Amino acid sequence: MTMVIGDSNEMGLGGGFVVPDTNSFGQTFRDYDAASERQKSVEDFYRANHIHQTYDFVKKMREEYGKLDRVEMSIWECIELLNEFVDESDPDLDEPQIEHLLQTAEAIRKDYPDEDWLHLTGLIHDLGKVLLHPSFGQLPQWAVVGDTFPVGCAFDESNIHFKHFKENPDYNNPKYNTKLGVYSEGCGLENVLMSFGHDDYMYLVAKENKTTLPSAALFAIRYHSFYPLHKHGAYQYLLNKEDRENLKWLHIFNKYDLYSKSKVRIDVEEVKPYYLSLIEKYFPAKLKW
């Protein structure tokens, strides 16, 4: 049985993307308990991620990588660089990253032909995973990929493998372990520190390189791995009005991001000219990374 995504009608836009029954491994999507060859490595990943992603760690990484002083390259050069990696946190995918990026972008393009900014967002949303590359310090996977969550306030139980947060130094720190922690009600996600990784890094790259993408695109890039929010509705008390508007687009985007992880193959050379034209429209030729 398949189902057709319908939530996009809320935005006044039709959506005909058909959700496949199974992921690349022939199992249901985001099943972290499936007895697959990936299950143990995925849990090991989350244990390291949940232990080490502290408020102080995130501040340090944002300061270091926010300088954007490592490499100058184009968006497409970054896509090709990324193709060397497979995401260890993902229970649904074992394909090179360019496959997933183009699957996401092409599925969106089919349903939203007039929203070219959303096509480009699908293509570039994971480019921050270049943090895994030696020229970026070859960061461990737990500092680059996986579901994201706020630091500086209590960890919500909807987070995947929540039990491992109990080993995080912030878990028992009274400064950080209350519902609001260092934040205030409705402060807006712009003022919240998220666990460090490819989402936040690519957001910094896009913003600091003066992209002309709309705020909804930057929101999707920055929070597409924030599953506790957009899947479980957690952390709503941190959102402001603009966040709630952008969240509508994120819900649309994430269906394509998640469910396009199938064995559908994309002819890269055939679609490349279209995406190069979008990159030229919304980004400078060379970006600081």
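Note that Cβ sites are derived from N, Cα and C of the backbone, with glycine treated the same way.
Taken verbatim from TrEMBL:
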- R30, D87, E88, S89, K129, G146, D147, H224, S225: substrate binding site (BINDING)
- H100, H125, D126, H198, H224, D257: Fe cation binding site (BINDING)
Cβ-centroid neighbours of Fe cation site H100, H125, D126, H198, H224, D257, 8 Å, sequence order: L101, T104, D199, I221, S225
H224 (Fe cation binding site): tally of other CB atoms within 10 A of its CB: 23
Proximal residue to D147 (substrate binding site) among binding-site residues H100, H125, D126, H198, D257 (C-alpha distance): H198
Rounded to the nearest Å - Cα separation of D126 (Fe cation binding site) and S225 (substrate binding site): 10
C-beta crowding around S225 (substrate binding site), within 10 angstroms: 25
From binding-site residues H100, H198, H224, D257, the one whose Cα lies nearest K129 (substrate binding site): H198
